[in-house]
Amino acid sequence: MSGTSKESLGHGGLPGLGKTCLTTMDTKLNMLNEKVDQLLHFQEDVTEKLQSMCRDMGHLERGLHRLEASRAPGPGGADGVPHIDTQAGWPEVLELVRAMQQDAAQHGARLEALFRMVAAVDRAIALVGATFQKSKVADFLMQGRVPWRRGSPGDSPEENKERVEEEGGKPKHVLSTSGVQSDAREPGEESQKADVLEGTAERLPPIRASGLGADPAQAVVSPGQGDGVPGPAQAFPGHLPLPTKVEAKAPETPSENLRTGLELAPAPGRVNVVSPSLEVAPGAGQGASSSRPDPEPLEEGTRLTPGPGPQCPGPPGLPAQARATHSGGETPPRISIHIQEMDTPGEMLMTGRGSLGPTLTTEAPAAAQPGKQGPPGTGRCLQAPGTEPGEQTPEGARELSPLQESSSPGGVKAEEEQRAGAEPGTRPSLARSDDNDHEVGALGLQQGKSPGAGNPEPEQDCAARAPVRAEAVRRMPPGAEAGSVVLDDSPAPPAPFEHRVVSVKETSISAGYEVCQHEVLGGGRFGQVHRCTEKSTGLPLAAKIIKVKSAKDREDVKNEINIMNQLSHVNLIQLYDAFESKHSCTLVMEYVDGGELFDRITDEKYHLTELDVVLFTRQICEGVHYLHQHYILHLDLKPENILCVNQTGHQIKIIDFGLARRYKPREKLKVNFGTPEFLAPEVVNYEFVSFPTDMWSVGVITYMLLSGLSPFLGETDAETMNFIVNCSWDFDADTFEGLSEEAKDFVSRLLVKEKSCRMSATQCLKHEWLNNLPAKASRSKTRLKSQLLLQKYIAQRKWKKHFYVVTAANRLRKFPTSP
């Protein structure tokens, strides 16, 4: 039986309801097709109207130029009679002047309303200012100084200088997570000052952040401190004590001056509150060690402060105790805010008088780089304050934060003698136990000895730990080195010019552009791409020279121009200008110098990780998603048509829209072109193509990025197409061994023979493999640039808040105790 008879029987066998449904569906599809065509025609009409408007504006501009030229006095224009053509243009000029007058009146009304608004705001500000002027506290906070304290015994040139620095109010250092210390001197405890002036010093037990409310009455006063003369157990400024481990149950004798987490002040009534960082400072030149092991890990802000709190002014040659006796007067209570910084080389310290001064620190850059830290149990000796720059410790051996130098309150002469007799090996250093036991958190300072004392144990300890540190650096896990790798996940930069609607010009490109014929950026079946520069602006661009042999070739070029005129996306190349000649057409486009993505795949020196492929694939899907939203099929997606913005980043741009087509629902589009190994089965079978055709190519590109292999490549084009038609591919066991199941699922859902079963671009962007980038980066021991920028922004905001708090507290401490 013939095919015609079968068809007639088939139609006759259908029920009437089915025929009605098919007819209704065809009618609706026809209506939808007509609406899409109407939209396209409307868009073309709008484009034509805009172009005609531009032409009219050009004509108007030329008319104005002619009018200005006619008003200028000519050689024979003494009679002042206007020309006939000039008189014809006067009515239009009058209309334009009237329109300008109306616009000026409208703008004047708007400016008047804006002026009234500004006047109201000025009155409100004046009211607020008057309210603040009546407030004594607000006036003090705004000015930052107290007039009635001028000339008080507590003022000094140093304090005046610090006030000037405070009035500037500009932050000079970046502040990371910092602890705040407040030192308060109670008026009721001034009676104990005599004990301190006689040479006594207090020994306070260690206080953690949880014990901020410790009673200062528990302080034990121990003699042994003279009036500045170094005692037998005192350390010199150049001969600072070495830290060592301290037993958990060490006896506390009155001769010791132990202090962990508290600052030794000249007055016994001064109580230091440490939260949450620990500040270690030897008081009055004595070494200090921890009285019991601290189970909590040390904060990054642990520092060795240079001196014991604020000192009263006096002769510079006197010791601290003598200067305190010299001032004599009673000092009102003060609050000292200590800010600890770990992000910048210079540290900012709010001293007892509220100054912002740099402190001497021993920087440990590895504290801010977790990827370069060694294991927690690794023993390490921190660089001494007097160490030369060439004597720095290895980066892998640093984990604790910098310590500040400690200074002795002795006189200048005694200080010079002590510095002369000091040994290089007796500088302060921070030690941590090598075994990972409960002594890891113990921190101590051991009294340094003179050369005659013969106690080289701390120096030998550091020397013995040197090979251990080197071995620890060698045994660092590979993830520690990878922790410093930062991946740029920022979006691709936009074109250096605004999106424009380009029309073909029938002039030579050499009139406005300088084409570098010797510099070829790429090429293909169409011709070559050269680098060019716009003469008027110097803008670097790319000139795509297409050979034209027939009218069909010109239509293809115009189709490419029309498609690129509708594209404005950061992942799609932008068109800048177009020229047409007898034998060629030239498209001037955006220039990127990162090379083809295909070069990244084939380059043996460049190692693509799975996270790199995720960043590339996500941007490809974003560009394809934009194309499909505008009913455009690329139909030639391959690594050669994807350019990288730079040599190292992950930003890409899709190029070559020569084979792109506009998709229409009722139009059965068939194509028989493209690169064989990237063709979809429907293209090989010469069937209807649609959006899933591009998604097949995305799947092939992703497979190549992950493995470096082509899934369907055969020895010949015929074999390749046979593999594609049968959809015969698999995951190579060697290349896909370490890849995640999410990546395999992503590829498997794209390389499907049935095009209706493939993922769309929207579904790809929602796939689990292309999302949760921070979690994937943390698993691969890398960091994302977006995370670093976010952390930097948060740190800046936190720094500003802390700076304002410190400034306000530093001013509030200057209030007198009684009105």
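These residue numbers are counts, starting from 1, taken along the chain as shown.
Glycine is no exception: its Cβ is also placed from the backbone N, Cα and C atoms.
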**Request:** Would you mind telling me which one of S408, S450 Swiss-Prot calls phosphoserine?
**Result:** S408
**Request:** Name the one residue among K535, K544 that Swiss-Prot lists for the same ATP site as L521, G522, G523, G524, R525, F526, G527, Q528, V529.
**Result:** K544
**Prompt:** According to Swiss-Prot, which residue out of S156, S401 bears the annotation phosphoserine?
**Reply:** S401
**Request:** Counting other Cβ atoms within 10 Å, pick out the least crowded of the binding-site residues G523, G527.
**Result:** G523
**Message:** Taking the Cβ of each of the binding-site residues and counting other Cβ atoms inside 10 Å, which one has the highest number: L521, V529?
**Reply:** V529
**Complete:** The sparsest Cβ environment within 10 Å, among the recorded positions R525, D636, is found at R525
**Request:** Taking the recorded ATP site as L521, G522, G523, G524, R525, F526, G527, Q528, V529, K544, identify the other residues of that chain whose CB atom sits within 8 Å of the mean position of the site's CB atoms, giving them in sequence order.
**Result:** I545, I546
**Request:** Provide, as an integer number of angstrom, the distance between the C-alpha atoms of G523 (ATP binding site) and D636 (active site, proton acceptor).
**Result:** 15
**Complete:** Here the Cα-Cα span from D636 (active site, proton acceptor) to L521 (ATP binding site), rounded to a whole number of angstrom, reaches 19
**Fill in**
Averaging pLDDT over all residues of the domain 'Protein kinase' (515-770) gives 91
